Amino acid sequence: MDPTTLSLIQLGIVFFALGFLGRLAGRIGMSPVPLYLLGGLAFGHGGLIDFGSINDFAHIASEIGVILLLLMLGLEYTARELVTGLRQSWMAGLLDLVLNMAPGVAIAFLLGWGPVGALVMAGITYSSSSGIIAKVLGDLGRLGNRETPVVLAILVIEDLAMAAYLPILTAVLSGVSFLGGLTAVGISLAVITAVLLGALRYGHIVSNVLDSPDRESFLLKLLGSALLVAGLASALQVSAAVGAFLLGIAISGGTATNATRVLEPLRDLFAAMFFVLFGLNTDPRSIPPVLGFALILAVVTSATKVATGWWAARRQGIAILGQARAGAALIARGEFSIVIAGLAVASGAVPKELAALATTYVLIMAVFGPIAARYVEPFVRLFQGKKSPGKEPEVIL
Amino acid sequence: MPQDPSAGLYCVPQALEHNVNSLLMTTKVRGMNIEETPLPGIGVRREVRLATGRRIGVVTHRDGHTELILSRMDDPDACAASIPLSAEEAAALGSLLGSAQLIAQLSAEQKDVAGVTTHQILLRPGSTYAGRPLGDTQMRTLTGTSIVALLRGEQVIGSPRPDQVLEVGDMVVIVGTEAGLAKAAQILQSRS
């Protein structure tokens with residue numbers, strides 16, 4: 001068969017299957033990311049069926065997927081929210097960073113993956129999934145809760161930390177010398193600061209350039225600028241993902257809201273491809289050996305996230321139940337752990353088992369996180385020795 | 001904080017106070033503290049603390065839709081209800097609450113002026129003036145009272161003009177002396 005024909009058929013099957021998986025995820029109220037990963041595992045080498053001929057397309061599509069994921073992460077928070085978050089919650093952010101990077105570092109050294117592996121694993125265990133968490137908080141009707149701003153503030157800081165972490169990661173993964181690495185990091189930190197300050201004052205200019213009443217031209221301008229900035233950033237050794245992220249921060253106000261709306265379907269398509277490709281490139285047979293480690297890591301890093309949320313909520317004068325809710329809400333890991341693992345695996349600087357461990361870990365955390373957020377309340381009440389009141393009567397005044 | 005009686009019915013926030021060491025910002029409106037909390041990536045939450053200790057408020061999402069929230073009694077950090085409202089529903093609820101406030105406020109403002117009170121008179125079916133402009137009643141000339149507002153379902157028509165057409169079911173809010181108000185009621189309830 002003609003290779004193009006074969007690719008079309010295989011791609012069609014993949015997207016069709018992903019559509020069903022996404023629908024299934026929606027039905028049972030979970031993030032589709034773990035199911036996409038499982039889908040990739042099933043299609044890939046050593047999986048149920050072998051789909052070799054779509055790798056070329058999948059590769060570029062997944063690159064675009066990462067760029068769109070980061071662009072939309074940048075769009076999620078305005079520059080002002082980032083700066084305010086940093087000023088008000090930096091202590092909680094620092095605790096979050098230390099507590100949640102430590103287990104990743106420890107397991108990397110335990111498995112003999114060296115300092116590069118440790119840096120990668122640190123990022124994987126650190127980054128909560130803002131996508132999953134924001135959805136869970138909305139679904140559980142917790143947007144009115146007092147601890148919710150505390151949770152969101154931590155996510156905002158993680159977001160900022162990503163902007164510093166990704167360039168460091170890219171520099172280290174490309175194996176540059178210590179001095180070269182420092183230069184890259186210095187450049188990117190300076191650029192980040194400049195963009196952040198610039199976005200506060202001149203964000204409207206970027207928005208005005210990109211904005212267009214016409215949906216079609218708006219979409220093309222957005223996508224064009226994102227790929228252009230990402231490509232240039234990559235050429236400057238800063239990491240394409242960070243470039244897209246900074247562009248997202250620079251776009252502000254109503255333009256950002258519109259951009260989110262326009263880009264969402266594209267992000268869903270390309271990011272799905274990214275997750276599938278990650279799954280495709282992970283050999284399912286490499287999972288059983290790391291399953292035990294993934295479970296240990298899941299238990300430890302759930303505990304460290306709970307501790308982070310607990311402490312941050314307590315500092316805002318929130319009671320025990322709220323502290324527990326804040327802690328449990330933060331557990332979910334997802335897309336960004338896979339983005340980090342994806343960058344690492346693509347560079348070839350880390351062993352193959354890291355991909356298996358990251359996949360297994362994210363599968364566990366993306367499923368367990370929302371469950372923990374839902375059931376933490378009755379669980380804590382049980383400990384307090386109080387009977388769960390169940391649903392409160394509608395009117396008590 | 002001194003209250004400015006001339007601030008009008010729908011007053012603007014009078015002062016902004018930054019609440020230090022917390023994520024929220026407080027705005028004072030008519031003596032009530034409205035606490036405003038940014039929810040990064042989601043929107044803004046604005047709430048009022050009730051005398052019972054509960055919090056009641058609104059989460060405004062970035063895409064414009066709103067949620068009515070009410071805190072729980074046993075756990076004030078959490079919410080007993082969080083009710084998504086469409087733009088129309090939110091506006092309807094707002095004017096229901098707003099018209100109650102309008103009456104209370106008019107009564108309060110006239111309290112100090114001796115002999116002047118506020119009444120609400122319902123325009124019943126069969127009234128002479130149903131479907132006719134307000135000016136036809138010659139209310140001020142005949143009774144010395146002023147019609148300050150019409151409450152029509154969920155709508156509040158403030159300071160109606162003489163060409164405003166009255167409808168059956170309108171709640172007519174009138175300010176005047178007792179004698180004037182009695183006459184006004186007669187006029188509005190007269191049958192053709």
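Note that Cβ sites are derived from N, Cα and C of the backbone, with glycine treated the same way.
Nobody curates TrEMBL annotations by hand; they come from automatic prediction.
Copied over from TrEMBL, here are the features:
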- A:20-371: domain 'Cation/H+ exchanger transmembrane' (DOMAIN)
- A:6-26: transmembrane segment (TRANSMEM)
- A:33-51: transmembrane segment (TRANSMEM)
- A:57-78: transmembrane segment (TRANSMEM)
- A:90-113: transmembrane segment (TRANSMEM)
- A:119-138: transmembrane segment (TRANSMEM)
- A:150-172: transmembrane segment (TRANSMEM)
- A:178-197: transmembrane segment (TRANSMEM)
- A:218-251: transmembrane segment (TRANSMEM)
- A:290-313: transmembrane segment (TRANSMEM)
- A:325-348: transmembrane segment (TRANSMEM)
- A:354-376: transmembrane segment (TRANSMEM)
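Listed by sequence, the residues of this chain that lie at least six past the ends of the transmembrane segment (A:119-138) yet keep a Cβ under 8 A from its Cβ atoms are 31, 33, 73, 76, 96-97, 100-105, 107-108, 113, 148, 151-152, 154-155, 158-159, 161-162, 165, 168-169, 172-173, 297, 301, 305, 329-337, 340-341, 344, 350, 354, 357-358, 361-362, 366, 369-370, 373-374. Annotation: stretch A:178-197 has the most Cβ pairs under 8 Å to the transmembrane segment (A:150-172), among A:6-26, A:178-197, A:290-313, A:325-348.
Long-range contacts of the transmembrane segment (A:290-313) within the same chain: residues 89, 92, 95-96, 99-100, 102-104, 107, 110-111, 125, 128, 147, 150-151, 153-154, 322-331, 333, 353, 356-357, 360-361, 364-365, 368, 372, each at least 6 residues beyond the stretch ends and with a Cβ under 8 Å from a Cβ of the stretch. The largest share of C-beta pairs under 8 angstroms with the transmembrane segment (A:178-197) comes from A:218-251, of the ranges A:6-26, A:218-251, A:325-348, A:354-376. Outside the transmembrane segment (A:218-251), and at least 6 residues removed from its termini, the chain residues within Cβ reach (under 8 Å) are 63-64, 66-79, 82, 162-163, 166-167, 169-171, 174, 176, 184, 187-188, 191-192, 195-196, 198-199, 203, 206-207, 209-212, 258-259, 262-263, 266, 339, 343. Panel annotation: around the transmembrane segment (A:354-376), residues 29-31, 33-34, 37-38, 41, 107, 111, 113, 117, 120-121, 124-125, 129, 132-133, 136-137, 140, 278-279, 281-283, 286-287, 289-291, 293-295, 297-298, 301-302, 324-325, 327-329, 331-334, 337-338, 340-341, 344-345 of the same chain, lying at least six beyond its termini, place a Cβ under 8 Å from a Cβ of the stretch. Residues of the same chain lying 6 or more positions beyond the ends of the transmembrane segment (A:325-348) and with a Cβ under 8 Å from any Cβ of it are 31, 33-34, 37, 62, 66, 69-70, 73, 96, 116, 120, 123-125, 127-129, 131-133, 136-137, 142, 145, 147, 150-151, 154, 162, 166, 169-170, 173-174, 239, 241, 271, 274-275, 278, 281, 301-302, 305-310, 312-313, 318, 354-355, 358-359, 361-362, 365-366, 368-370, 372-373, 376-377.
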